[in-house]
């Protein structure tokens, strides 16, 4: 006790003595309680450290956020972009971590508990068999052991009777161990201990992996923040990035051109509708469906993992429960022993036999009953609430996949709200791009149709005049051009250099077919 007191006193003296200049200054300017809190040992003052740390971190975050929101629209835009980003790939990654944790806490933990219970049950059953065999052996050999014990207690008397009548012979027995048989008598306790240690080692490794997963999930918020700033930078610097939305300003441009008598785009052709998105439609459109299907396919592995683990847990629980109900054994050992030996005479041999064999004159009756109820496995089954708790994060993951398209629309709306001039430039570029693609495609198809009409021009019959023949070819070409104008599709990859905000109207060419005179 004196040594411990001396050590505590020395530790207190070391704590009071500052080791650095900063510690010396803080110890001089702060109260003793504050200095003790600042230079505390790990594990001291946990509640105070948590409250002060959370308060200081919250105030710092609020202060930095207020400064950013007050000085920069980029900070405001990136902060609001966190909401649609949580509905996208980054949010699904965050929910995926919670789904894995829910699977580990639910079916995996129950499987581990049931398997450990079965291992303990097997060890208990073997030990019970060994104990019952040992007890039966002890009961059956109790009379013989009593004889030998009596002989050992009366060895001096036997030595006096047999002295000068028996020759003694001494034999020394020495135990020798051979390398070929060493290690073969390994006890069940040792095997059970090794198996249990191996299971605990694997559990420790799994716990370490889960701890690392939790640390990585804590850093997921940084990925979401980086994705928000990355989208904002791409929106402001790349005019083609995510520029596929038919907004209200797009419709206003088309109405203004329609009033001026120029070429318009609305309503779009079917082929053009597959490449753009109407943000006001409540359904998932064709250009968004491919991403949704791909994300749903990515959630199939985690869903299959949950189904397999839940099915395996239910199957093992059913097997272990059946074993528990149909493996009850009751051991009953009954032993009765009655022996009476009478030796007559007064000779030395008679007296010796009475002292040895006479010890067998015993009678006993033993009843031993036991059962394996304590050794039966006690499996635990998951209830419906546990299954719902494990499946809820995966259901949320599927919902995020379906809501991803609307999250992408929302992020474009937020960026357009904070950068309206940039949004107008992007919409003008999209309108001009679609107009140029349609004009180029129409021009290419008109040339192809005229070339086909010249190649397939039928010979003129004697009863048809040249004028009628020319009018027939011209009407056929005009009809094909009209049909082409109705069913032409957009051709990507044709981009002419833009000289003004809106492209000039398409100039139509008049084609005159030669006539025979």
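Backbone N, Cα and C atoms are what each Cβ position is placed from, and that goes for glycine too.
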Task: Annotated stretch (transmembrane segment, per TrEMBL) among the listed ranges 19-44, 45-70 - done: 45-70
Task: transmembrane segment range according to TrEMBL, out of 91-109, 110-128 - done: 91-109
- [ ] Could you check which of 363-385, 386-408, 409-431 is flagged in TrEMBL as transmembrane segment?
- [x] 386-408
Open item on the list: If you look at how TrEMBL annotates this chain, which of 184-207, 208-231, 232-255 comes out as transmembrane segment?
Closed with: 208-231
TODO: Please find, within the list 277-298, 299-320, 321-342, the residue stretch that TrEMBL describes as transmembrane segment.
DONE: 299-320
Task: Spatial neighbours of the transmembrane segment (45-70) far in sequence, C-beta under 8 Å, 6+ residues away - done: 37, 76, 79
